[in-house]
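What TrEMBL says about this protein:
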- B:107-317: domain 'ABC transmembrane type-1' (DOMAIN)
- B:12-32: transmembrane segment (TRANSMEM)
- B:111-134: transmembrane segment (TRANSMEM)
- B:155-175: transmembrane segment (TRANSMEM)
- B:195-216: transmembrane segment (TRANSMEM)
- B:257-278: transmembrane segment (TRANSMEM)
- B:298-317: transmembrane segment (TRANSMEM)
Amino acid sequence: MRGANLSPRFWVASTMILLLVLAAVFGPMVVATDPNQVIGGLYDRPSGERLALYLGTDNEGQSVLANLVHGLRTSLLVGLLAGAIATLIGLVLGLVAGFQGGWVDDVISAITNIALSIPTIVVIILLGVALGSRSSVALAVIIGVTAWPWLARAVRAQASSIRVREHIEVARLSGARWVSILGWDVLPYLLSYVVMAFVLQCSGAILAEATLSLLGLGPSGSTSIGTMLYWAQVWGSVRVGALWAFLPPTIVLTLISFSLLLLNSAGDELFNPRLRKGRRRGRGTAGAARGRRAPTPTPVAPETPTPGLAASTAVDLPVSPKGASR
Amino acid sequence: MQFARYLLRRTLWLLVTFVAAMVLVFLLIRLVPGNPVDAIVAQMTRGGGGSGEQVRAIYDNYMREFGLDLPLWQQFLVFCQNVLQGDFGTSFAQYPAPVTAMIGQALPWSIAIQLPAIVVGWLVGNVVGAVAAFRGGWFDKGAFLTSIFATSVPYYCLAIILLFVVAVRMQILPAGGGYSFGLSPELTLTFFGDAITYFWLPFWSLVIVFIGGQAVGMRSMAIYELGSDYVNYARGLGIGDNRITRYIFRNAMLPQLSGLALSIGGMIGGALITELVFNYPGLGTLLFTAISSNDYPVIQAIVLLITIAVLLANFLVDVVNGLIDPRIRAAETGDR
Amino acid sequence: MTRLLDARNLRAAYRTQDGRLVRAVDDVSVHVDEGEVLGVAGESGCGKSTLGAILSLNVRSPLQVESGTLDIEGKRQDFGASAKIPRTWRGSVVSLLPQGAMNSISPTMRVRDLCFDVVRAHDRRARRSDALDRVRDRIADLGLPPRVLDAYPHQLSGGMKQRVVTVISTLLNPRLLIADEPTSALDVSSQRALIEMLKEMLEQKIMAGVIFVTHDLPVLRTVSDRIAVMYAGKIVEVADAGDLVDRPRHPYSAALLSSVLVPEPRYRTMRVKGIPGAPPNLLDPPPGCRFHPRCGLAMPQCHTDEPPTDGTELRYSACHWSAQHPGESVPVEAATRDELDGGEPLDRAGEPVALAGDGTGVGR
């Protein structure tokens, strides 16, 4: 039923993401040029001579196109890896805290709240500075281990509201171990939320990588969208008007960010039908909106458990990080 | 009474997070491989400048400043003491300039572009978001998509494009810096009139992105409130739409106001790259220079400044929210 | 006895996103006499809450009333595309006591502020102190502690909140109060307190009549004078409360009764049965009698012909079987069946067997 309900927004976003992934996977093979190889002079204009020159050359005479596809690959990988790390940490901590309650919850929540109140950018910069030379993997790890707190908090709130539901009680009484309860009875309710959060985490990580690179803390020895922007910026390509050097990474980064956010908002709408139409048809059919409590979309509101959510709408919170890390 | 307890708890929390942040910054800076002072002195003398005598003096100065001859926990105390006194030490790269002075020069520039951008963006964004939610229909659709796009554009990408189009191609506004060459920062009309031309581009690049984010947030907030039981009930009682709109606004505004305060708290670290793109003489540019010259005291100071501002903003938001919103107070202190 | 409300031939539908119409209330007529409590019962999705929304003049997109007339104490109101009902009718002529009073007051608002807003919405010149004095008197009359006026909603318990909301709903002495599942979210003792309060208000003539919408038949049995049973957008049976519970004449009423524990001696020996199957999809209701796919007494004509209405305005049943058996009550055990025609189990498409209405809000 839901499958039929996917909005055009979802398809547009998915298509854009698919194209970006395809470019990252096959682009380097098609262009077949080493991004570090000097194939021309300083800021050669784009020419149709050969594929590698379609977007001209950068400040070191390297192919912009080759750099772009390799950089896209690096950026997406960093995003995926960091997003996965952050989602995993946030999910596990949030689940355990929300589901166990008691002192475990207290400890994890305190850590989460402290981590939430220290700006992510600060930790990333410090870690970046401390690690003299940074591989892109190390960068992804840095970004991943700093981005989990908001997710942990959101998951915790939801897990603790699911905990008091009857079917969990049944599972507990039937002697299931808590790990298996978490996996089989709690996690499924959170899945749509976690997937959407993962999308946001990836997008956040890609942007964080770019921010770090622009500050001069990018991956050493490999090209990413961020490092391309860094070089374009440092060598003043904007000022000399070499738009082929700075425009491609700018556009690609915007596209990544836009498509992931669009995907997230389409998913939000899907799992959260009230957002769909604004005022006009907000309430759905007779029974649909009834018996469901208005979720509190605000992170500052007290986290009251919402025991009465209809099972199918377990996850009603809009996915939004408290302070997006950019 | 209840509020006093709430205030006490928030204050304690502020202290805890502050100490945690200090520990974090302290430890991370010391993660830098090797003794930072050795590294720095080596770097400074590499240029051939300075006699043995001078180097010795510089070395001693840094050893004292960091307290590197002391055990770690004492070093931390020294570090805390210095920070609390507003003493961030001496710059490595521009020895012997005090870091505090360098930051004092850069900070006003950062605030000057960020604060107006945040306030304007917040106001406009909230109005757009609220109108979209209330009107619905095509306006909602258009405003929502535009806002999503605006907020998803990385702010520095927009900055780069604006810089290219307006300053490089059209040459309407200057391409970079904070003021024209030959002028020096002072409180005169001439200087102000000059600086404002450098101000517009970074300002707009931030405002547009910020409007988008606020509009998206406000829209979903208002939609949630519009569908809530109390709206239905108030209508059922014959209360007029204007009045109901006020209820909604009040409830939707609370988190938005917190958001404004948090953005203001986060503004120092919020747009570092914008300054880089426009070569604006603020903290972002300072941080960039410091990173590229391994100027740890400066990095450390900026990072601490960002953290402290955010912690304080969080604290203030909590306190004000506790004043305005009875639910929060009750939830926090466990009262009914 | 004076007629308080006379609603005739109401039709209302929800417009789905793809533009189709779900007719949730289909040609329904009800009336309420002065001093009377009319109960409306049915499973979830039967249209009872929609009927409540129409009668309390709270119709909003996607719901639209297609036709019908409303007479309240001689004031006549036509529904239809161009109908304009004065805003001030809501709250003073008819008033709504909502389901889920938990969230019915804006969380950042004190009870007294809402009270004043209600008064002022109907009288622009009302002074705050006068209005609040009146509210204070009312609250004292009904035995609520005066401190509730200064409370925020989260400071009130569920039962207290529901009673406070009841007071607010009746502040302006509406002629008719539409109570939509007001007891569903409450524990038994709070339910009792609320019902006592409603009765007290009727006695004090604060309002002249009540329509009480719920799936909870035992509650209806205690509060209402008459009960109307709805199924799939239509009223299938109307009778005096005791009569309906003791001698249901429509198989659906009987099925509803058999699915709950009714504290009546004759039901004590019976097993609680659910009603197999689910209410029909109103986008495409079954032809003939809408209950026939689930009915244990269905006859051939039930599949094709609209059931005739048998009886008087005060006691009728819309059913082929009851038309053929005037005066008899439905044998409760026979009212439902376990299989669809052709032996297909009724419990289709994984839909749960509906037990006693819907549990909207039960145990929330």
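Just so you know, glycine gets a Cβ as well, placed from its N, Cα and C.
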Selection from B:12-32, B:155-175, B:195-216, B:257-278, B:298-317, the stretch that has most Cβ pairs under 8 A to the transmembrane segment (B:111-134): B:195-216
Annotated stretches the transmembrane segment (B:12-32) and the transmembrane segment (B:298-317) touching (3 or more Cβ pairs under 8 Å): yes
Cβ contacts under 8 Å made by the transmembrane segment (B:155-175) with residues that lie 6+ beyond its boundaries: 197-198, 200-202, 204-206, 208-209, 271, 273-274, 276-278
Long-range neighbours of the transmembrane segment (B:298-317), counting only residues six or more past its ends (CB under 8 A): 10-11, 13-14, 17-18, 21-22, 25, 29, 83, 88-89, 91-93, 99-100, 102-103, 107, 258, 261-262, 264-269, 283, 286-287, 289-291
